[in-house]
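Look at TrEMBL and you will find 1-31 tagged as region 'Disordered'. What TrEMBL records for 13-26 is compositional bias 'Basic and acidic residues'. Taken from TrEMBL, the feature transmembrane segment applies to 48-72, 84-102, 144-164, 171-193, 199-221, 241-261, 273-292, 351-371, 378-397, 403-427, 439-463, 515-535 (among others). What TrEMBL lists as domain 'Major facilitator superfamily (MFS) profile' is 49-499.
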Amino acid sequence: MTVDEVAAPPKAAEPENEKEKQDEVAKPAPPPAGPPSITYPGVWHYSVLAFALLLAMFLVALDISIIATAIPTITAEFHSVSQIGWYGSAFFMSLAAFQAFWGKAYKYFALKVVFLTCIGIFEIGSLIAALAPNSHVLILGRAIQGLGGAGITGGCYTIFAFITPPKNMPAILGLSSSVWSCSSVLGPLLGGLFTQDVTWRWCFWVNLPIGGTTMLILFFFFKTPAHSRVAHTTWKEVPFLFDFPGIVTIVAALVCILLAFEDGGVLRPWTNSVPIGLVVGFALLMGLLVVIEWKQGENAMIVLRIMKRRTIFILALFNLTAQAAGFSRTYNLPIYFQAAQGTSPSQSGIRMLPTVLTTSLFSFIGSIALGKLGYYKPFLLVGAVFLTVGSGMLYTLEPGSSAAHYIGYQILASIGSGLVIQINVVVAQAITPRPDMAVTIALVLLWQFVGGTIGVSAAQNILNNVLLKSLPVDNPNITAAKVLAAGTTSLHDAFPDPVDLSIVVNAYMKGIRAAWIWGIVLSGLALLIAFGAEWRSIKVEDVKKRAEKKAAASQA
């Protein structure tokens, strides 16, 4: 099937020779003389498409955290304590590294085909993970899931941008953020239920019917909008459009930093040459990435022309730090509930409902309010303040803290997360011309998942470092290997003696608090970055006026 058939455009005149055919095969149609007319789906048709897109978003967000409560059981089955960090990080890493790749695909090829391909890849990764005979195959499956998931996340926002009237975008983005936050935090609860009552493999089996349903709905009901085809190319140009050197470099850089966090202070001291070398390698590769992206120009994974825009640059930095704080909090709260308070995986999921409900509510409220107010800077500032204060209050939790405390502190932090969780996408869509829409969305999402990758891995490293240093060296019943092997769900079974258990719980609590300091620092950085945002309205009429004024100035 050619790209012509994929996009189903009007057929151009037959080329005169075979060489001309090869050059033309990737051209969906001659560039139109003027912008195509924009027609949006009717209410019923739109509702069906929105349901399918939100279902796809639910799928990816669920897999970010569903494995968290299953990890102790998986490590017990595969005897793979040293690879714990990779079960989550492999997914995050692919989500981050391939955002721009799929952003380019959505720019040059039919939305429908690219999006269905992404869901198919995600389903293949889920199947591999569900059938994994060992830890390495499971990690491979998670990486493939992330590859497909990267295209699903960016694709959902891109498709919504082309099928939704601009005045309705804040509402639909508020709804999508509610779905995202609900599913990402419900993940530990569902993962705990599957692990306890069926098998951890159902954390991945469950993706197959959900993804299959989404594919069927979109196959029959979605048609690529004519106005979404914003660029034209030939097959000869395709290999140069996708920044493969950039992708390889950022993957290598993330692997270096993840290995450093897995190794440093846990398997080897930070003064050892291995973690030091990995950190140096990360820094050098990130420097190389800047050079590569500069050389690649418009074909770069991170298009510097777009990245240099003040609004996009500030949103990227803010999103990186705020999401790193949010994701690390989401991963640390189940550890607190299970290790410090002795709850089961399913009970810890229930205790995280304040995070689910508050984030969902305020993400919806924030998106609607932003659409009405137009100015996004106040939301960054207020959200970062709540995030910082809430993170600071979580630091004060004790093993015996009451429900009023851990519920109230979750609400404070989650108000902040909810207000800013979709700011980057809402603003990027509002201020970006259609030709750059998919690439810009992919760019802001890239930094979101880089933040998640580094934030979670660093928090896990901090927790493990402080935990191991806090364990007694003269108690034969308490060893680092035994504590790590027990995980959080089996802690109370592994240490039946109340005195030993108290020592281990206190050590865990010190590690959790240290990880929460990391969250406080990230939230504070997000607040400082928010002050750099512009006081500009993103209302359609205001953006249009600025564009007209800029065009008039350039012609003068």
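Backbone N, Cα and C define each Cβ position, glycine as well.
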Practice problem: Flag the pair the transmembrane segment (515-535) / the transmembrane segment (84-102) as in contact if three or more Cβ pairs fall under 8 Å (sequence separation 6 or more). | Solution: no
Quiz item: Do the transmembrane segment (273-292) and the transmembrane segment (241-261) share at least 3 Cβ pairs under 8 Å, sequence separation 6 or more?
Solution: yes
Quiz item: Are the transmembrane segment (84-102) and the transmembrane segment (351-371) close, by which I mean at least 3 Cβ pairs under 8 Å that are 6+ residues apart in sequence?
Solution: no
Quiz item: How about the transmembrane segment (241-261) and the transmembrane segment (378-397): do they have 3 or more C-beta pairs under 8 A, pairs 6 or more apart in sequence?
Solution: no
Quiz item: When you scan the chain for residues with a C-beta under 8 Å from the transmembrane segment (378-397), skipping those not six or more beyond its ends, what do you find?
Solution: 318, 322, 325-326, 329, 333, 336, 340, 366, 369-370, 405-406, 408-420, 423, 513, 516-517, 519-520, 523-524, 526-527, 530-531, 533
Quiz item: Is the count of Cβ pairs under 8 Å between the transmembrane segment (199-221) and the transmembrane segment (403-427), pairs 6 or more apart in sequence, 3 or more?
Solution: no
Quiz item: Under 8 Å, at least three CB pairs between the transmembrane segment (403-427) and the transmembrane segment (171-193) (pairs 6 or more apart)?
Solution: yes
Quiz item: Tell me, what is the mean pLDDT of the domain 'Major facilitator superfamily (MFS) profile' (49-499)?
Solution: 85
Quiz prompt | Distant-in-sequence neighbours of the transmembrane segment (144-164), which means Cβ under 8 A and at least six residues beyond its ends | solution = 40-41, 46, 49-50, 53-54, 56-57, 59-60, 63, 90-99, 101-103, 105-106, 111, 114-115, 117-126, 128-129, 172-173, 176, 222, 225, 227-228, 425, 429, 437-438, 441-442, 445, 449
